[in-house]
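Data first, discussion second: the structure below is written as structure tokens.
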Amino acid sequence: MNLTTFVFAGLPVLIQHYADYYKQRDLASTLCDVEPQLGLPHVDEYDFIVVGGGTAGSLVAGRLADNFNVLLLELGGDPPPIATVHAGRMLGGSGSHNSNVYNRGSPLDFDYWAKLLGDVTWDYNHMLEHFKDTENFVGQLVNERQRSDYYGVNGPLRVDTDVPDFLSKWRMAANELRFNFSDPNARQAPSFTPQCVSIRNGIRESTYDAFVKKKTSRKPTIHRYSQADRILIDENNNAYGVAYTRHGIPQIAHAKKEVIVSAGSFGSPILLTKSGIGQQDVLKAAKIPLKKNVPGVGKNLWDHVMLILTFRRNDPSYRDPNFLEELKKFQTDRTGYFAHQRRTQAFASSSRAKTDGEPEWGDIQVQMIDQPFIEENPGGAVWEISLSRPKSSGEFLFNASAYVQGETANGKLGLSNFKYFNDSTDLDVMVEGINLAIKIMEGTKAFKANGYKLDESFVPSACKKFPSRSAEMWKCVLKRVFGIEKLRVVDASVMPKVTNANLNAATMAVAQKGVTEILHKYGSNTNEDN
């Protein structure tokens, strides 16, 4: 085992250590807070209660705290420091541990939302302002003329452009395959692009970092390790608070204005159902009193199917960077390999999109990630092939039988059925994405010179009966990998359909839109009792 392998193998242990430490520290603080309440019931009151401190919830809570008294309930704790090295269940949510990509999606995604919802405020021209309000864009652009019209510079979230040393090859490959080379976030169209990332001084920046942690005044009150069990709703169907457990200790908080649910695509439907808002038959089976019959709760579950491919590099002249030197650069001044993502991407339109009359609305996303320091594959590359506009949608089911038997943990009350490839044409689109990746790595002069070759060792033996790299083989692989044989909600769960790119940036814009609407309704002046 070399040093690199040893260091990376130790990361899970280190992360768990910090997670346990933070939880124990917060428990001690919590016991001090609630000790006076253990004898007599006590209800705290806030203007707003935000359930969920993820990408959307942190942004909403941080923005509203500028003018109101806000309680933020988060099931997890602080993100461990190792998560800031961008190589959940925590504040910042997925933005604290995902791949840190800042892709808005296609303008056509938002125009589709507006048409579907009959609400022009969801179209791209309107949503663009919410994107700009959240971001402080400092990155390079392919088209500098678009900077002032399409990018924000005064928002809290730092957004930069990742510029790996192979970006010039990426551009060459685009030219060879007759793709445009453009920016990903102004008016995204089928093209090869660099990636934008939410990074400040070499370290990831989540919405928790940007909108909550870095605030110098008027921060929201945060109760970590707090599970929201039920939204409190009066006889007039007005939400007035939340019953929750903090480190297992029952608590109640009242909201003078609104309860805002930002518990995510899984957490939000569970909380709504436990509160009596959802599908009538599910509520009846769970013996939960009906507050409002909303058949759509838990429905319309979308996901980006992704297949990961590995390409090996046969280039005798290649030498990995020095691991210790690169680590020292990062520790000293946040430079070097570990301060960058080393990723590029391309958006493409499949034959299906073209047949549907949507050639400018990409439904394939491929991402190349350079991977030095991997002992088994020096200089290799990993590819993520994504079905970015699936036609198959699933549902998130509430486990009524478990709830009736006394289960209260949200993580055990959800049953997700994504119904991957329920529409068989999704398989055809994925196959086109796989073939595009192979064509780039093995067929273009830009990358062919480095001797890249697809590693097919992951192909299940049952799929090897089909001709190598045939559509039938890839469909077999995809089915095996994915197990296929035959109040106010402000988070990603409100999206009528996923955007055609990574969802973190779009979730921020949805949250910013929600904040704008809340401030418009309640004004921006602080109350006297705040």
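Placed from the backbone N, Cα and C atoms, the Cβ positions cover glycine too.
These numbers come from a predicted model, not from an experiment.
Feature annotations, courtesy of TrEMBL:
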type: BINDING; residues: ASN98, SER99, ASN100, VAL101; note: FAD binding site
type: DOMAIN; residues: 264-278; note: domain 'Glucose-methanol-choline oxidoreductase N-terminal'
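If you look at the domain 'Glucose-methanol-choline oxidoreductase N-terminal' (264-278), the same-chain residues 6 or more away from its ends with a CB under 8 A from one of its CBs are 51-52, 54, 56, 75, 93, 228-231, 233, 286, 288-294, 297-298, 301, 396, 398, 403, 410, 413-414, 416, 487, 489, 491-493. A sphere of 10 angstroms centred on the C-beta of ASN100 (FAD binding site) encloses 25 other C-beta atoms. For the domain 'Glucose-methanol-choline oxidoreductase N-terminal' (264-278), residue counts in helix, strand and coil come to 11 helix, 2 strand, 2 coil, using DSSP. Taking a C-beta cut-off of under 8 angstroms and a sequence separation of 6 or more, VAL101 (FAD binding site) has the following same-chain neighbours: GLN195, CYS196, VAL197, GLN341, ARG343, GLN345, GLN367, ALA501, ASN502, ASN504.
Across the domain 'Glucose-methanol-choline oxidoreductase N-terminal' (264-278), the model assigns an average pLDDT of 89.
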